[in-house]
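What follows is a short report on a single structure.
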Amino acid sequence: MEVKTSLLDNMIGVGDMVLLEPLSEDSFINNLKKRFDHSEIYTYIGSVVVSINPYRPLPIYSPEKVEEYRNRNFYELSPHIFSLSDEAYRSLRDQDKDQCILITGESGAGKTEASKLVMSYVAAVCGKGAEVNQVKEQLLQSNPVLEAFGNAKTVRNDNSSRFVKKMLWQKLTPMTLSLDLLEKSRVVKQPRGERNFHIFYQILSGASEDMLNKLKLERDFSRYNYLSLDSARVNGVDDAVNFRTVRNAMQIVGFMDHETQSILEVVAAVLKLGNIEFKPESRVNGLDESKIKDKNGKMILVFTLALVAYYARDALAKNLYSRLFSWLVTRINESIKAQTKVRKKVMGVLDIYGFEIFEDNSFEQFIINYCNEKLQQIFIELTLKEEQEEYIREDIEWTHIEYFNNAIICDLIENNQTGILAMLDEECLRPGTVTDDTFLEKLNQVCATHQHFESRMSKCSRFLNDTSLPHSCFRIQHYAGKVMYQVEGFVDKNNDLLYRDLSQAMWKANHSLIKALFPEGNPAKINLKRPPTAGSQFKASVATLMKNLQTKNPNYIRCIKPNDKKAAHIFNEALVCHQVRYLGLLENVRVRRAGYAFRQPYELCLERYKMLCKQTWPHWRGPARAGVEVLFNELEIPKEEYSFGRSKIFIRNPRTLFKLEDLRKQRLEDLATLIQKMYRGWKCRTHFLLMKRSQIVIASWCRRYAQQKKYQRIKSSAIVVQSYIRGWKLYWLRLIIHLPSNLSQMQKYFLEMKNKMPSLSPVDKNWPARPYLFLDSTHKELKRIFHLWRCKKYRDQFTDQQKLIYEEKLEASELFKDKKALYPASVGQPFHGAYLEISKNPKYKKLKDAVEEKIIIAEVVNKINRANGKCASRIFLLTKNNVLLADQKSGHIKSEVPLGDVTKVSMSSQNDGFFAVHLKEGSGAAGKGDFLFSSDHLIEMATKLYRTTLSQTRQKLNIEISDEYVYFLLVFKRTFPSVQHANRFISQKSNLG
């Protein structure tokens, strides 16, 4: 068997920073640069993966690479994100431990792409089967949808995640995803050089003209106040292509067409909300009054200040979009049939926006950086502090490592009494005049002496003359560096209140999705409690996230951005050094070098490796620690490579662990071979003995059976022969008795019929006369059989197109035969449908582009004006779902009626081409009344309209044929404004009698 050795010693630079000599910040950066220059973007720090964004595609993620890293030891191959993914997945699968892959780094470092790679790897190696593969494909296809609605261009990243994504995988099957902390303030305002969420630009760039018309949108970005124009276009990004990708992904995930339409309608509604402007209608108590009314004129809200009205508008837009985003996640989970009721072991992939330091930092950057502080804190606790504490608990010799604990910064922000968030909430809730300045003043009073808080207005005199710190700002010294925050907007953004009246108005909306997004608007569920502030909600979400992370086995991917230009092959050492410092990577290396790479409880270690020693296999009868000591002594492992703790064995070098794993693998193969050998021997012997006994029994029964069977066979054969002979005699006796005397007449009849057969035409009604009375029934049956036979022969000659034509002709016969005098003349006329040949005639190119569906009928008809009875030529188009009327000269669509809104077609029984199309009352197309047409192809148009409506709506279209004058007045009571107009029309344009 091939001996597996670590490839870490033969790499460019050092693949694992734990092995780096000498260890310093310069050598650390130089090693990263050396590997980056040779396209080695992954480096280990023990079990932590450091990933540098290459800003270009690399050929290291193919299906062959997936198989290469599958079920391999972590250090067995070159550093790769697949190796960590495989380690986490196998720990979940084999050891039944909850896993979490935490992907951190600043914006633009490649966190989103890293999470996609982890998901694609786990999807490739987990369970198989048609249903499982479908669920995995749906989960992977959810990425384009979530990126469209949750990602945006920032100054540092063209595809920055503005939410926290947690992907949970359950044992062998993908489970569910969860999303938190959406940056919903971006909906109404974006910093300079950034964009709103991708979906807004994608829908305006990629939607068809028909869709934009339905959504009542225009393609011009500048028409919408919520869209920033300075960065509306992104180099290398095609929003139109991405929109089609999102539509296709939504279909794969399981969104129905009407759901997709509803989602786009909500997105369009958010865009149009930003264009609402408020003007005062009156003054009440010296204040301008702005009002919002519904379409019926009923008052919804009255604002005493336009500023308050704009605030309410933006709050509604943010809530509408954020709730839509949450609904999308819930809908995706329903589609992939996530079963979250049963608690099972899971692996979570956490992709969160990175630390942000911009030129202008506001409330959004404050809470994002707070979340990153908490993530750094849990990293410190789980990989540094916990590492040292465990060594102390286990009484293992340890070199103490000093490190910065950022808990003091977290306390500055989240302390329930003196924290910045607590004081911000206090300002938002207290009565009286509350402004951003009063909030800053309160900070200056409470946080003045805090070593990580800086403000020129505080009591601390050392910042009074700091000109780099404006009076309207405060500065926090984060673990990643100092960040100055503009206090303007903190109070309003933290309030983020949605007026109860607006929630109730949304709940009363006719749009089913919007109504579902605002359940609190239900009058039966009114809650008078003030909703929590944005800061407190964010803090609670972060606390929940931290609690979940602490219950799982962590795996870390630390992402680094090599340059700010988003360019390949550029490595900015100063920028990378800054990230290495605030990610605490050097401290992590020192901890790993000072300690042990692997540790495991004695019981688990003995259970896993006991087969490597004869004294411990198959059962050890003493304490687990003593068994491990015997095992390691038997294997002659150097004593400096391990230490015994109070409850665990500690292994210093990963190579020692690999040696144990290789020995175990070889031993398991030997044991499997032994078990197979013993099983095969037992199986063969058991089978032989069974076959031997069976052979004896079968032989004895066969001899006995052969003797009995021989006698019975002879006896039964004689009986059968006798019965056949008796039956044959009886049959012929009866035949002779009942045979008619005129046998010769029957023979003559059939011979004559052979020569007198009519033609094979189904319409030929000729048939030879009956020669004899006693053959009357036979003669009729022969005529019927012959007619059916020649009809079948005739039908077999039809092509599929001819069959469709005859089906339409048959439908027309059932509808109009003996009812409409015009029908007989249409029988011999083929139904062409597309008389205008729109696809070939360049005159109708604009009309062709506007109609995306297949055209069933394209014909010029005369439309009767309801006001004066005059005729106007129109192009009548029938598609799969709609009836359209277009101007004959310009090709512009005048009317579009869904087939579901057509209730009836009426006409007279005379030889005229007039017919009326009746529309459903209350529908959008019925506002101008029913349609009255005149056409030379009335029968064909009515037939195709009837068949298409039946096919699409599963309901038969009512075709009414009547000659009564009074009926006509009733039928067209909405077509003509008065009886005089109807009389004038009948006398001038019709010959109905």
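Glycine residues also receive a Cβ, built from the backbone N, Cα and C atoms like all the rest.
Database features (TrEMBL):
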type	residues	note
DOMAIN	12-665	domain 'Myosin motor'
BINDING	G105, E106, S107, G108, A109, G110, K111, T112	ATP binding site
REGION	542-564	region 'Actin-binding'
DOMAIN	820-993	domain 'TH1'
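On the structure: features taken from TrEMBL.
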residue : record           : CB count, 10 Å
G105    : ATP binding site : 26
E106    : ATP binding site : 23
S107    : ATP binding site : 21
G108    : ATP binding site : 23
A109    : ATP binding site : 25
G110    : ATP binding site : 24
K111    : ATP binding site : 27
T112    : ATP binding site : 23
Helix-strand-coil residue split for the region 'Actin-binding' (542-564), DSSP-based: 9 helix, 8 strand, 6 coil
CB-centroid shell, 8 A cutoff, ATP site G105, E106, S107, G108, A109, G110, K111, T112, site residues removed: N53, N157, S160, G354, C559, K561
